[in-house]
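> Summarising the annotation, TrEMBL assigns transmembrane segment to B:13-30, B:42-61, B:73-106, B:118-144, B:164-182, B:211-233, B:267-286, B:292-311.
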Amino acid sequence: MDKDRKKWMAFCSANRVYLIFAAVFVLMSLFAPRFFNTYNIGTLLGTAMLNGIVVIGFTIVLICGHLDLSTVAIINVAGNLAIYMVQKTGSFGAGILAAVVAGIVIGIVNGLLVTRAKINSFIATLGMSTLLQGLVSYSNNAATRSITDFTMTDFLDKKLIPIVPNRALIAIIIVLLVHFFMSRTTMGKNFYLVGGNVESAWYAGIRPEHYLIGAFSLNGAFAALGGALYACYLASAMADIGAMGVSPLNMLIAASVLGGASLAGGRGSILHSFFGVLTLTALYNGLTCFKLGYEMQIFVNGIVLMIVVLMEAVSLYRKNKLAGSKSDLFKQAQN
Amino acid sequence: MKKANILEFVSRFGTYMIVIILVGLGCVISDKFLSTTNLINILDAVSYLGILASGMALVTYCGQSVDLSTPSTIAVASFVSILTLRFGMIPMILCTLLSGALIGLFNGLIVGKFRINTVVWTLAVSFVFAGLIRVIFGSANIYVTTGNTRAFEQISRYRISGRIPLGVVVMVALMIGLHIFVSRSRIGRQLKLVGCSELVARYSGINVLRIITLSFVGSGMAAAITGLFIASLSKSACYNYGTGYEFRAITAVVLSGMVLDGGRGSIAGVLGGVLAIGLLNNIMTLLGLNSFLQDVVTGIVFIVIVWFTNYTKTKLEALNG
């Protein structure tokens, strides 16, 4: 009986994000008006595109035990650069390519600041964020750039398979590919090793600094890809996407923590983080169905994050408190 | 040995060297720079930031990285101050301070007890309170209508002997008080020990939970004072009055030579960090730089200074073995 319960608990904690997602989805379908229909679910999946792609890189950096505060600034740089390139060359491919290259370069600089200059990632990326945001705002005097070419919008809105719009399909394919890379290949697993214990990673013959630079540049690449695709979809790019409603940074942190990533590093999964994004998007979408504005979204975002973090911390606290006590040793002996 | 002395000097007084360099630069750039009006303006521009940063420095000093709940605390305090103004000035100030202290207490107890990552927890608290205010007041501003409106406005506008703004006096007094408290008192030394090594602190019989809670209460109250000043300046309260202040305060704290791991630096250094930000902004404005370009320069200077501080620290550690 006790063993069954333990198994059940382990299952629950391993698949926490799926259970929360299912709960949110079912509750919203039951109670929120006009939530459960193909049109709204398509919209929901489409809305998750930007954060769904960006969260990939964000989670990889978290797995390495670092935090990248410049992610939102990279999204803005990428969006503006992509729209600018489309204005100049008329080709969406050139715009997205330029944005991704810029993202990778920014990521490498971040990585070098953290590994070579040995600056705390929180501080280095904070400075980087101020710098980049200033550049973006300066380049167009904080105005929104826009184009009148809507071919990309039409393409991303089309549905190659029913219900799922193309932009969601792209996000899902990228998430699955990177998830496979991170969980099945040696190189992907090394990221976890670097985040879990740098020293033992070094002893295992891994160069931690290479992986850190890799993680930051992957974050730059995915943030830029997400930002560029989103800007091309809207056919416009704001100077600061974070100034409107729920900032992507808040969403990213909440989603990845919901998906089991920790700021201490070594934990997290791309697929879980993606489901974290889906859960929060479904929650926001449902709240909008109730005609509640983003005031409520910010509040609920906070409550969800608070509960998840608190639950995790309390269980760890209990475990630590019992560790080494008579009842704990007894339990260990029994297993 | 000589090299070690120089490095030691740099790592200890680095912030003030930046301040001196910036003052020198300012004198070269404009003859108006050294006028009393300009100097007071520099102080006035950073006084709210200084008040906030001195509180947040306690949290950093105590080894709890950063308190990101300050923007919401500022917003909550601004609402509390305007809503309680009808009961008179003294009760209003007490209630405002209490609101900040309560948020700090909540943060401190949870973080101290369950050892949650401070960044994530304070961010969550920030969403909750910002969301709560926005839900209750519908994202709208509220304005001063009842109570002693004139006195409330004067909080941010009163100048002692017609020159020095009250905010500057509060900032300097708070910094001096906190500096003496942190460097001379028993609790101050306990703060440093908890910041250096929590385990050692715990084994030497220090009530770690109490010390951590105290640092967060300090940070919350400092944010509440900032909120009160901002509310008085704009004669209104709004959910976004604290936005951006947290990162500027972190910049000031980091420039002061405090490291996010805690236990290093001093509150006097924070004054240096705040002054450096003020001087940099002032010089760039005197040069007529676009405000977005000012952000770019601030970002670069920030990274370079942190890099340099880190460099001297690692060299120093290498020399000391």
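Glycine too: its Cβ is placed from the backbone N, Cα and C atoms.
Annotations in TrEMBL come from automatic prediction, not curation.
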> Are there residues at least 6 beyond the ends of the transmembrane segment (B:42-61) whose Cβ is under 8 Å from a Cβ of it, and what are they?
67, 70, 74, 118, 165, 167-168, 170-171, 174-175, 178, 182, 191-192, 195, 214-216, 218-223, 225-226, 229-230, 245-246, 248-250, 252-253, 256, 258, 260, 262-265, 267, 270-271, 273-275, 277-279, 281-282
> Using Cβ atoms and a strict cutoff of less than 8 Å, what residues sit near the transmembrane segment (B:267-286) while being 6 or more residues removed from its termini?
15-16, 18-19, 22-23, 25-26, 29-30, 32-33, 38, 41-43, 45-46, 49-50, 53-54, 57, 61, 171-172, 175, 178-179, 182-183, 248, 251-258, 293-294, 297-298, 301
> Return the stretch with the most CB pairs under 8 A relative to the transmembrane segment (B:73-106), choosing among B:13-30, B:118-144, B:164-182.
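Comparing B:13-30, B:118-144, B:164-182: B:118-144 has the most Cβ pairs near the transmembrane segment (B:73-106).
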> Is the transmembrane segment (B:13-30) packed against any residues at least 6 beyond its ends, judged by a Cβ distance under 8 Å, and which are they?
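Hits for the transmembrane segment (B:13-30): 255-257, 269, 272-273, 275-276, 279-280, 282-283, 286-287, 305, 308-309, 312.
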> Going along the chain, which residues at least six beyond the ends of the transmembrane segment (B:118-144) come within the CB cut-off of under 8 Å?
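Same-chain contacts beyond the flanks: 59, 64-73, 75-76, 79, 82-83, 85, 103, 106-107, 110-111, 152-153, 235-239.
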> By a Cβ-Cβ criterion of under 8 Å, what residues six or more beyond either terminus of the transmembrane segment (B:164-182) are in contact with it?
40, 43-44, 46-48, 50-51, 54, 57-58, 61, 155-158, 188, 191-192, 218, 222, 225, 229, 266-268, 270-271, 274
